[in-house]
Ligand code: ADP
């Protein structure tokens with residue numbers, strides 16, 4: 001069976017094609033036959049299309065035009081032509097899985113996309129304005145290209161639909177609950193994938209494990225996973241709550257917002273921009289939202305970069321502490337995504353605060369670019385895992401399972 005995955009970002013559409021036997025899912029992620037990406041971050045009116053295949057063929061082109069649908073169609077057509085050809089016709093695709101960031105209260109698991117599901121995704125756009133509309137654009141582009149194919153929506157919020165009410169409801173007026181103002185949590189596809197993979201690496205049953213998964217990318221979130229279910233997480237109504245991130249503030253006193261609106265002539269637009277785009281590592285360091293740049297600046301003696309690092313670590317440790325008390329114990333701490341997978345310094349700093357649990361990180365293993373590995377010492381009371389998150393594979397798996 002050939003499954004196409006589309007992963008819509010705010011300014012890009014990533015895609016890949018998997019081939020999976022009809023009978024059973026492989027236990028580990030296979031390499032995709034083909035991977036494509038359309039980037040709209042450069043000049044308006046031009047899209048950068050990048051494609052690579054499992055056999056090493058590569059293509060990179062700038063495609064003019066203002067229609068994202070046309071750009072997407074162009075990228076998908078590379079599946080059947082020239083050096084990047086991996087199938088004869090697009091009609092060979094059996095199933096298409098989409099990452100949809102917000103599923104609201106109604107979508108607690110993956111669903112086959114119908115007109116009603118599309119309407120719901122559109123209606124939830126005001127809760128995820130940067131993401132849900134692009135997912136919808138991807139769904140409609142596929143409808144135009146492959147009329148009859150089954151499409152599945154896999155929601156980033158779904159994994160957290162098991163949050164208990166005491167965790168999910170904000171201590172505002174109770175009417176907020178009826179208005180849908182509650183904690184949804186995000187990065188669920190990654191937290192779920194990493195939980196399953198952690199159990200595999202440890203050779204344990206997921207149903208017996210207490211895990212904290214740290215998804216530290218541009219956006220950062222934690223999840224407390226007990227017996228395979230998310231029971232607490234750091235992001236909330238929007239992906240702005242919780243940890244300090246690349247360019248997002250994470251949690252701040254809501255009184256600051258009232259103060260800025262009342263006394264500092266802030267508009268809603270400006271507030272939105274500042275909290276999402278110019279805060280976090282970028283805002284404090286004044287260097288970059290990229291942890292690599294911040295780390296370089298620290299090595300050059302930049303004190304603002306050092307402050308940004310210290311704040312990031314402090315908030316990460318506090319967040320882990322909160323997840324720990326929700327779980328009431330810990331079997332493994334899992335690091336994933338750009339920073340989690342690639343920054344030994346952040347992993348070490350987070351782990352140092354957990355020594356009182358008997359958690360001991362092996363400093364040598366931590367430095368050796370671990371991938372899907374346990375980096376705790378043999379005598380550590382808690383395992384520490386570094387897992388390469390595979391959201392696209394998780395989407396393909398869930399789509400396959402739904403169809404079966
Ligand atoms: P996204 O959240 O957009 O999916 P990623 O998970 O790819 O992003 O994470 C991107 C971030 O990962 C970068 O902004 C950078 O801060 C961080 N990163 C990538 N490589 C490294 C590295 N070698 N050391 C430290 N941080 C890294």
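Every residue gets a Cβ built from N, Cα and C, even glycine.
Curation does not apply to TrEMBL; its annotations are automatic.
Since this is a predicted model, take the numbers as computed values, not measurements.
Here is what TrEMBL records for this protein:
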| type | residues | note |
| --- | --- | --- |
| ACT_SITE | 156 | active site, proton donor/acceptor |
| BINDING | 7, 391 | Mg(2+) binding site |
| BINDING | 14, 215, 216, 217, 218, 219, 290, 291, 292, 338, 339, 340, 341, 342 | ATP binding site |
| BINDING | 99 | substrate binding site |
| SITE | 187 | site 'Transition state stabilizer' |
| SITE | 248 | site 'Transition state stabilizer' |
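All features noted in TrEMBL, drawn onto the structure.
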residue	record	Cβ neighbours (10 Å)
7	Mg(2+) binding site	22
14	ATP binding site	19
187	site 'Transition state stabilizer'	31
216	ATP binding site	27
218	ATP binding site	17
248	site 'Transition state stabilizer'	26
290	ATP binding site	17
292	ATP binding site	12
341	ATP binding site	19
391	Mg(2+) binding site	23
DSSP-derived structure type at the residue listed as 'substrate binding site', helix or strand or else coil: strand
Candidate nearest residue 7 (Mg(2+) binding site) in space, where candidates are the recorded positions 14, 156, 248, 339 and distance is Cα-Cα: 14
Distance check against residue 248 (site 'Transition state stabilizer') for the recorded positions 99, 156, 216, 292, 339, keeping those with Cα within 10 Å: none
Distance [Cα-Cα, Å, rounded] between residue 216 (ATP binding site) and residue 391 (Mg(2+) binding site): 14
Pairwise C-alpha maximum, in angstrom, for the residues (14, 215, 216, 217, 218, 219, 290, 291, 292, 338, 339, 340, 341, 342) that bind ATP according to the record: 23
Cβ under 6 Å from ligand 1: qualifying binding-site residues of 99, 218, 290, 292, 339: 218, 290, 292, 339
Residue from 99, 218, 292, 391 whose C-alpha is spatially nearest that of residue 156 (active site, proton donor/acceptor), among the binding-site residues: 99
